[in-house]
Amino acid sequence: MTDAIEIRHNIHPEMARAMDSEALRRHFRIEALFVPGAVRMTYSHIDRLVVAGVVPLADPLPLPTPRAIGQARFFDAREGGVINIGGPGRVVVDGQTYPLAGDAALYISRGAGEVSLSSDDAADPAQFYMVSTPAHKELQTQIVDGARANRLELGAQETANRRTIFQFLHPEVIETCQLTMGLTRLHPGSVWNTMPAHTHDRRSEVYLYFGLPEGQRVFHLMGEPDQTRHIVMANGEAVLSPSWSIHSGAGTSAYAFIWAMAGDNKDFADMDQLRIEDLK
Ligand SMILES: O=C[C@H](O)[C@@H](O)CC(=O)C(=O)O
Ligand SMILES: [Zn+2]
């Protein structure tokens, strides 16, 4: 069942208020994304985000098109962003090879046909993370590397939130239809992301937490600003953030995360900033 897709339905914030830890985890957390030799996909009805993990071993893995996608081929009406958090690998899109590793993202345009993913070394496999959203026009499939990305230095050591943000799929860097995507690395000793927190009703967001040392966890904060909840996240797990939810977190150590957004605009700064003292 490597090609199965899991469907996540929309949750009204009033329902989230009543959820216990188990229900919050079942509806919002995406686990087991990186299974050796497998493609794992989740389809969320928040902005129709598809979240996938692909770990090829000796053989390349073709990207499947589950029935939920509603098209003959995965990218017939979608775009996607791929970041590799594992060993070196490559993505082949219609015969063109894109080597992918480290701080870089591959943008895959609507209209791409055959997509297959490989690891250079099965003993150190690639771990491809992909987020895909509906797309209305064809653009240019291309790699955005760390040098091309917008780079922001945010936070401070004193508030334990010093972090470097790479904006790979960002309007100042590359044209996409609605997807924005990037990677944030916490500096050693910093543990907080996105505090003060924000919401953005115009967009949904999904976080993938990674680079977390063995035995450590991130307490991901979600919920309406005056009804916050937490989900304890392990390395390599993603969490869905509907438009009504904050998305912030504190780790028991430093970590990194990949964020991706989709919705009515691609304006990263269009956030409704919250004051820490207003959170409940
Ligand atoms: O809307 C923007 C997203 O929440 C993230 O980009 C925040 C983030 O990467 C950070 O503050 O470190
Ligand atoms: Zn956000």
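Glycine is no exception: its Cβ is also placed from the backbone N, Cα and C atoms.
Take the Zn(2+) site that TrEMBL assigns to His198, His200, Glu205: the candidate from His45, His136, His247 listed for it is His247.
Neighbour density at the Cβ, taken as the number of other Cβ atoms within 10 Å, is lowest among the binding-site residues His198, His200, His247 for His198.
Report note: the Zn(2+) site is defined by His198, His200, Glu205, His247, and the residues of the same chain whose CB lies within 8 Å of the CB centroid of those residues, excluding them, are Thr194, Ala197, Thr199, Arg203, Ser241, Ser245, Ile246, Met261, Met271. Cβ neighbour count for Glu205 (Zn(2+) binding site): 24 (other Cβ atoms within 10 Å of its Cβ, all protein chains included).
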